[in-house]
Amino acid sequence: MGLFDKLAGWLGLKKEVNVLCLGLDNSGKTTIINRLKPSNAQVQDIVPTIGFSIEKFKTSSLSFTVFDMSGQGRYRNLWEHYYKEGQAIIFAIDSADKLRMVVAKEELDTLLNHPDIKHRRIPILFFANKMDMRDALTSVKVSQLLCLENIKDKPWHICATNALTGDGLQEGVDWLQGSILIGCLSFGKRSRLNEFVRRKPLSGHSSSIS
């Protein structure tokens, strides 16, 4: 049993999580989700999402129900109808599409300022995707263009990824899993977590949870 399994079991946490997968069209959202599913459940031909689709995948500790929301302009107004249900967000960016980086930032700003998101400490995982493209920006540059450093009230993480090969995806999912487990704790359970972490620190997290 891994550390996250022990942590989830010890704290009695719910293991089913709703995740919203957002981003502009052609950012690779559906390909990312397909890669996160077991190999025998992956499909070979990826088609653009119309409206939204629901997919599922599991890690060792959590079961994820992912709402793959279409990024086409006429469907983006559907996103907000699912914000209340989301316990985490995956936001995919086409790192090679410099011309639409401004549009991605506008959609991200709209998301962050929505009343169903603004006051919640919902974890956001950014996948700077398509790193195999010659003109792809680095994850650092993508972070700068999206002004991610201005996100002060939510845990966030950005990974450089190639959804076609799966490179970088596991790093992101590991971070998301840890953030969800920590974020859904009550104050009392946070105190118990501090005790747990002091005995066996979690990599990438401080030994004290505020």
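Quick reminder: no glycine exception, Cβ is built from N, Cα and C everywhere.
Note: TrEMBL annotation is automatic and uncurated.
Pulled from TrEMBL, these are the features on record:
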| type | residues | note |
| --- | --- | --- |
| BINDING | Gly23, Leu24, Asp25, Asn26, Ser27, Gly28, Lys29, Thr30, Gly71, Asn129, Lys130, Met131, Asp132 | GTP binding site |
| BINDING | Thr30, Thr49 | Mg(2+) binding site |
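Counting only same-chain residues at least 6 apart in sequence, those with a Cβ under 8 Å from the Cβ of Gly71 (GTP binding site) are Leu22, Gly23, Leu24, Asp25, Asn26, Ser27, Lys29, Thr49. Other C-beta atoms found within 10 angstroms of the C-beta of Thr49 (Mg(2+) binding site) number 18, with every protein chain shown included.
Lys130 (GTP binding site) sits 13 Å from Thr30 (Mg(2+) binding site), counting Cα to Cα. Taking every pair among Gly23, Leu24, Asp25, Asn26, Ser27, Gly28, Lys29, Thr30, Gly71, Asn129, Lys130, Met131, Asp132, the residues recorded as binding GTP, the greatest CA to CA distance is 21 Å. Of the listed binding-site residues, namely Lys29, Lys130, the sparsest Cβ surroundings within 10 Å are found at Lys130. Taken residue by residue with DSSP, Thr30 (Mg(2+) binding site) is part of a helix. Here the binding-site residues are Asp25, Ser27, Asp132, and the one with the most other Cβ atoms within 10 Å of its Cβ is Ser27.
In the shown protein chains, 21 other C-beta atoms lie within 10 A of the C-beta of Thr30 (Mg(2+) binding site). Of the recorded residues, Asp132 (GTP binding site) and Thr30 (Mg(2+) binding site) place their C-alpha atoms 17 Å from one another.
A sphere of 10 angstroms centred on the C-beta of Gly23 (GTP binding site) encloses 26 other C-beta atoms.
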